[in-house]
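Listed features, source TrEMBL:
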- 90-121: coiled coil (COILED)
- 406-430: transmembrane segment (TRANSMEM)
- 451-469: transmembrane segment (TRANSMEM)
- 520-538: transmembrane segment (TRANSMEM)
- 545-566: transmembrane segment (TRANSMEM)
- 578-598: transmembrane segment (TRANSMEM)
- 605-624: transmembrane segment (TRANSMEM)
- 644-665: transmembrane segment (TRANSMEM)
- 690-709: region 'Disordered' (REGION)
- 699-709: compositional bias 'Basic and acidic residues' (COMPBIAS)
- 771-797: transmembrane segment (TRANSMEM)
Amino acid sequence: MGSLFRSEEVCLAQLFLQSASAYSCVSELGERGLLEFRDLNPKVSAFQRRFVGEVRRCEEMEKTFTFLQQELREAGRVLAPCPDNPRAPLAREALRVQEQSEQLAQELREVSRNRASLRGRLRDLRQYLHVLRESRRFTSLPAPLGSPPRSRALSEREPLLDPSLHQHLDRKINFVAGVIHPWRVSAFERLLWRACRGYLVASFVEMPEPMEDPTTGESITWVIFVISYWGEQIGQKIRKISDCFHCHVYPYPESEATREDTLSGLHSQIQDLSVVLEETEQYLAQVLDKVVLALPTWRVQVQKMKAIYLILNQCSFDVTEKCLIAEVWCPVKDLTQVQDALRQGSYKSGSSVECFVQRIPTSESPPTLIRTNKFTAGFQSIVDAYGVASYQEVNPAPYAIITFPFIFAIMFGDVGHGLLMFLFALWMVLYEDRPSLRQASNEIWLMFFEGRYLILLMGAFSIYTGFIYNECFSRATAIFPSAWSVAAMANHSSWSSAYLATHPVLTLDPNVTGVFRGPYPFGIDPIWSLAINHLNFLNSFKMKMSVVLGIVHMAFGVILGIFNHVHFRQWHRLVLEFLPEMIFLLALFGYLVFLIFFKWIKFSAANSLVAPSILIHFIDMFLFTSNADNLPLYEGQVPVQTVLVVLALASVPVLLLGTPLYLWCQQRSLRTSQPTLVASREQEPLLEGQEAGNSVNATKEDVESGGHSPDAKHLDLAELFMHQAIHTIEYCLGCVSNTASYLRLWALSLAHAQLSEVLWSMVMRSGFVGLRYVGGVVLVPVFAAFAVLTVAILLVMEGLSAFLHALRLHWVEFQNKFYVGSGYKLCPFTFTPDHWE
């Protein structure tokens with residue numbers, strides 16, 4: 001069978017790699033993604049392995065790449081993904097990558113350091129320039145009221161720095177000027193006043209243009225301050241306080257001429273620094289352009305190189321230490337590709353000795369490999385979420401491709417809702433190659449996108465079941481003429497106007513000639529949507545339909561177990577497990593399906609009033625009694641039901657004791673020949689370096705069955721009985737509970753139909769009450785509300801509910817009849833583009 005129906009055959013193999021060509025061979029294998037490597041040095045620390053130096057060198061290059069990427073991020077550059085898929089570099093090429101990356105990193109460090117220094121110097125010069133410009137207004141201010149007393153009163157209008165006043169000043173006036181963060185101005189001014197006791201004049205003004213804060217990188221408007229004071233002690237206090245508040249203090253010339261010379265010098269310095277900074281920015285942009293071009297390829301190459309050395313660390317050396325030995329899980333059909341990859345790797349490395357692969361026997365259970373495509377991947381992920389299939393176990397995914405959307409559609413049957421879901425999934429399928437859809441960051445959207453084909457089939461099946469239910473947004477559609485005739489009933493009953501006035505509800509009798517002309521061509525007759533008893537009719541129909549489909553689904557799951565028994569050559573389980581399970585299921589619940597169809601076929605509208613109750617017959621079947629008030633469906637019904645119950649009860653002990661007793665007897669018969677077999681095997685030595693579990697004395701059957709032969713291990717009779725007792729109880733009780741569980745199909749289908757009906761009657765119908773233009777205006781917002789509620793409630797919430805219930809029916813009711821799901825996936829060593837990006 002194909003790999004989708006059953007996992008592929010996987011074998012354990014050994015790779016013999018020459019030391020000179022091991023790197024190239026593993027690189028070639030990683031490009032093809034065929035093998036899963038096993039760690040042959042599990043007890044060796046990662047720091048004590050053979051290629052730990054190469055791994056550290058790769059990690060050092062990754063640190064350099066991280067620095068380069070951080071510089072790109074700070075510069076506002078976006079690092080694009082690698083356009084192609086470069087191969088892992090050889091040793092000489094890896095040294096070239098390391099040298100070039102370190103050279104670029106060193107250039108970036110130097111250029112970034114120079115740019116930061118130039119920016120800081122330019123910022124200081126501009127701040128100094130603004131300080132000198134804005135301080136002009138302060139040097140001509142009048143003397144403060146708190147100045148020390150003088151020998152004569154000074155005029156309030158005389159300038160503080162007027163040369164004619166120097167003869168009146170006992171002490172020299174000094175200045176401290178700089179800039180301060182605006183948040184610290186009030187505290188700075190308060191502390192100055194308290195510390196200097198008012199023997200100063202402090203003036204503050206905002207800088208005309210904002211500048212960058214070197215600490216945070218934010219653009220703020222600094223505050224310029226100029227402080228005039230007398231005395232050296234007060235000046236020392238002012239400078240200490242300025243340092244505490246992280247002020248930028250600049251030298252302030254005393255004379256006006258000196259200040260003008262300083263201003264002109266600052267202008268020239270700022271111009272020169274701006275030119276130098278612009279050239280530095282251009283050179284930095286050139287270096288960043290080189291990084292943008294080379295870094296994506298380097299990252300992929302170094303990551304592949306590191307992955308290869310990590311794989312080589314899992315290998316072991318032979319006695320001569322000239323050959324590496326690796327153990328791998330490999331699909332049998334890919335062994336030729338593996339040998340070809342080894343041949344290519346040996347050729348590229350220039351080795352004269354080719355590497356080769358050899359299949360070895362094992363008693364371990366191989367990993368599971370099921371190849372999927374973009375269509376089957378969604379269905380396989382549903383099965384894997386329950387549990388990965390055991391090795392070469394029947395895979396439920398191909399059957400779920402049909403059964404899962406169909407069971408979902410039974411609960412979600414509506415033409416309109418299914419059409420919306422189908423169109424949404426069709427849009428995702430048609431534009432699935434767009435990067436914007438594939439590379440979205442929203443996890444919920446990615447879940448929808450990965451299951452686009454599943455949603456497509458669920459929508460298509462919902463349209464089909466919607467036609468069967470004859471529901472389109474809860475409204476019935478008259479595709480074909482109704483099979484019921486009101487005119488024939490009116491002619492037969494002679495309804496008068498007075499009768500119609502007093503009887504708002506009329507009954508159509510199918511026994512009257514011409515009233516019922518046969519079944520509707522497809523689905524439910526639309527006249528049932530007008531009947532007041534349509535809910536009773538749909539209840540009966542959907543309940544019986546759920547029971548029938550559920551029992552068929554469970555029986556199909558039991559039948560699939562045959563393929564497992566035949567494949568693993570467990571012929572005893574066909575008789576001791578499959579046969580009792582089918583007898584128990586069909587004798588009880590298969591007979592219930594027979595009663596449903598037999599009653600549908602035997603009774604018609606003419607004799608429907610005397611039709612017996614199936615439920616009462618089913619209860620009497622377990623009680624071994626008969627009810628006189630409930631007529632039998634056919635002659636000899638009671639003996640038949642008695643025989644079926646006895647068969648079902650008799651199958652229980654067979655299911656409980658058959659397999660354990662058979663295995664126990666088989667083990668006893670094998671014990672007599674076991675000593676001779678062991679003695680002959682003890683005389684054969686094991687190969688050097690070969691584990692006992694991987695002995696070459698293992699038979700071909702052991703290799704193919706994964707060690708699941710009857711004598712693979714000692715059987716514990718008590719454990720077998722316990723396991724089989726749990727399985728028997730679970731199956732017998734599960735047949736009852738699982739059959740009842742399928743009634744959720746009936747419940748969810750009715751709930752969906754009633755929610756659709758309520759939404760139509762309470763929202764959409766109100767848009768049709770208006771007349772003429774008023775009705776058209778009201779219909780627009782009403783339809784908008786109806787559309788939003790339909791998508792939010794009926795499509796999203798109800799769709800999610802139906803999806804979860806369908807998921808449960810497959811996991812619990814269907815898969816546990818044949819599916820163990822105790823395996824583990826084959827994880828091949830591969831260089832996938834998504835992983836490196």
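Quick reminder: no glycine exception, Cβ is built from N, Cα and C everywhere.
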Per Cβ pairs under 8 Å, the stretch of 406-430, 520-538, 605-624, 644-665 packing most closely against the transmembrane segment (451-469): 406-430
Cβ contacts under 8 Å made by the transmembrane segment (406-430) with residues that lie 6+ beyond its boundaries: 437, 448-449, 452-453, 455-456, 458-469, 471-474, 477, 545-546, 549, 553, 744-745, 748-749, 752-753, 756, 790-791, 794-795, 798-799, 801-803, 805-806, 809-810
Contacting positions for the transmembrane segment (644-665) when only residues 6+ beyond its ends and CB under 8 Å are counted: 572-573, 575-577, 579-581, 583-584, 587-588, 591, 621-622, 624, 710, 715, 717, 720-721, 724-725, 727-728, 731-732
Residue numbers, six or more beyond the limits of the transmembrane segment (605-624), whose CB comes under 8 Å of its CB atoms: 510-511, 516, 591-592, 595-596, 599, 630-633, 637-638, 641-642, 644-645
Integer mean pLDDT for the coiled coil (90-121): 91
